[in-house]
């Protein structure tokens, strides 16, 4: 018992363990019929986030955003993950380059 008390006293200065916390959130965009859903996605300012893009179409699409400096091909029936942020408040536009007439949207950062 004295040994246990000594160990506790010797380690009392150590910081308490805190549970691991994910510093980023995950948001999902789905491509279907050459359109992004949702067309407008809202994310928090000042935080790093994971953007998962799921392509439910049988053909490839390219997620492209000059505003976000990101460009990545999503094969048909596949998904990709893009890390973005932290971002300042504003609107960041993106398109599906292969079907830009219909595949477009925006990320609103608040």
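Every residue gets a Cβ built from N, Cα and C, even glycine.
Per TrEMBL, domain 'EfeO-type cupredoxin-like' is recorded for 7-109. Residues annotated as signal peptide in TrEMBL: 1-22.
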When secondary structure is assigned with DSSP, how many helix, strand and coil residues does the domain 'EfeO-type cupredoxin-like' (7-109) contain?
8 helix, 51 strand, 44 coil
For the domain 'EfeO-type cupredoxin-like' (7-109), provide the mean pLDDT of the predicted model.
88
